[in-house]
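Asker: Got a structure for you, questions after.
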Ligand SMILES: Nc1ncnc2c1ncn2[C@@H]1O[C@H](COP(=O)(O)OP(=O)(O)OP(=O)(O)O)[C@@H](O)[C@H]1O
């Protein structure tokens, strides 16, 4: 390797994937951290003195986020109070192990940690949900429940912001995914660095412009402890296709990642396009674009033995809910033979 391109006199040990610069370890740390500081400052991401919950999964991104936020908070005197918030989805052999990493981070970074579980919040673990739904659509449940669980946790902790470890690759992937799905509503808001969940606690993404490859390098050279195993249920997620596409494009030209984000940011939505308006779920009062939020529909499906209820188009969901209500009204006896009963196991007779 040649000398560091900053002329600091040290030998370079890496080539930055984002810029192609050859840098020594110290200059890489500085460049990496300064870019995140610049992102935070330019977007005025945090109000001085605020309390911030860092959504901590134990993975590389949220671990690096916690480490860098602590470092920048001290260096630049943001005066933030930092906490860790973790959601235990109940995935044996994955989340139980990664939560051990989060606990280690809690001790190393001296930040209070709050863990909320799907079992406590929804009555179901992901292991139990997968046993019902199978491995095809399970990520829908996990994503919807996690989003709401993090918001609930943020409210419980009475924080001012919820910071997630979403990085530039995640955001570019989401742009591609929303294009592939034709989901204009999500496409128009997925590149925002701050999103308002509608109930007062903004979600922020300080790593929005940070490349995943550089996060891995940073964690490696800083010797940070993180959990690197892929979720045992993830391989079938739709996101995986967008991810593969992005990785292939990145090989051609790494700046494609930033270009996709920029395209998403500059996108202007046709005024005639139909964008759903946010309202409150009539059941749980959580912010929703429908009368009943996705989490409540998914949960109802699980509890009634119709786990596919919330999967697919909202018109299909409405029809299923209606059919279900009709069945409930008409139900007298489940004979366990004709499969018409809505009970979880229609082989078991139910006498009303
Ligand atoms: N179980 C969880 N508890 C708390 N926050 C989570 C959890 N899962 C994901 N997040 C948050 O959402 C962000 C993006 O989620 P993603 O699924 O990409 O995470 P990951 O790959 O498991 O871990 P990481 O992004 O930390 O490397 C994470 O960086 C983290 O801030």
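Cβ coordinates come from backbone N, Cα and C, glycine included.
TrEMBL labels come from automatic prediction, so no person has curated them.
Below are the features I grabbed from TrEMBL:
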- 52-228: domain 'tRNA(Ile)-lysidine/2-thiocytidine synthase N-terminal' (DOMAIN)
- 55, 56, 57, 61, 87, 165, 170: ATP binding site (BINDING)
- 280-309: domain 'Cytoplasmic tRNA 2-thiolation protein 1 C-terminal' (DOMAIN)
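Show me how these features fit into the structure around them.
Answerer: Around residue 56 (ATP binding site), the same-chain residues at least 6 positions away in sequence with a Cβ under 8 Å from its Cβ are 62, 63, 66, 84, 85, 86, 102, 105, 113. The DSSP secondary structure for residue 56 (ATP binding site) is coil.
Averaged across the domain 'Cytoplasmic tRNA 2-thiolation protein 1 C-terminal' (280-309), the predicted model reaches a pLDDT of 86.
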Asker: Tally every other Cβ atom lying within 10 Å of the Cβ atom of residue 170 (ATP binding site).
Answerer: 19
Asker: Which residues does residue 87 (ATP binding site) neighbour through Cβ under 8 Å, counting only same-chain ones at least six apart?
Answerer: 55, 57, 115, 116, 117, 118, 146, 149, 150, 153
Asker: Would you work out the biggest C-alpha to C-alpha distance among 55, 56, 57, 61, 87, 165, 170, the residues that bind ATP according to the record, and give it in angstrom as a whole number?
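Answerer: Comparing all Cα pairs, the maximum is 19 Å.
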Asker: Using Cβ atoms only, which residues of the same chain lie under 8 Å from residue 61 (ATP binding site) while being at least 6 residues apart in sequence?
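Answerer: Result: 165, 166, 167, 170, 207, 212, 215.
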Asker: Using a 10 Å radius around its CB, how many other CB atoms surround residue 165 (ATP binding site)?
Answerer: 22
Asker: With DSSP, how much of the domain 'Cytoplasmic tRNA 2-thiolation protein 1 C-terminal' (280-309) is helix, how much strand and how much coil, in residues?
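Answerer: Once the DSSP states are binned, the domain 'Cytoplasmic tRNA 2-thiolation protein 1 C-terminal' (280-309) shows 10 helix, 3 strand, 17 coil.
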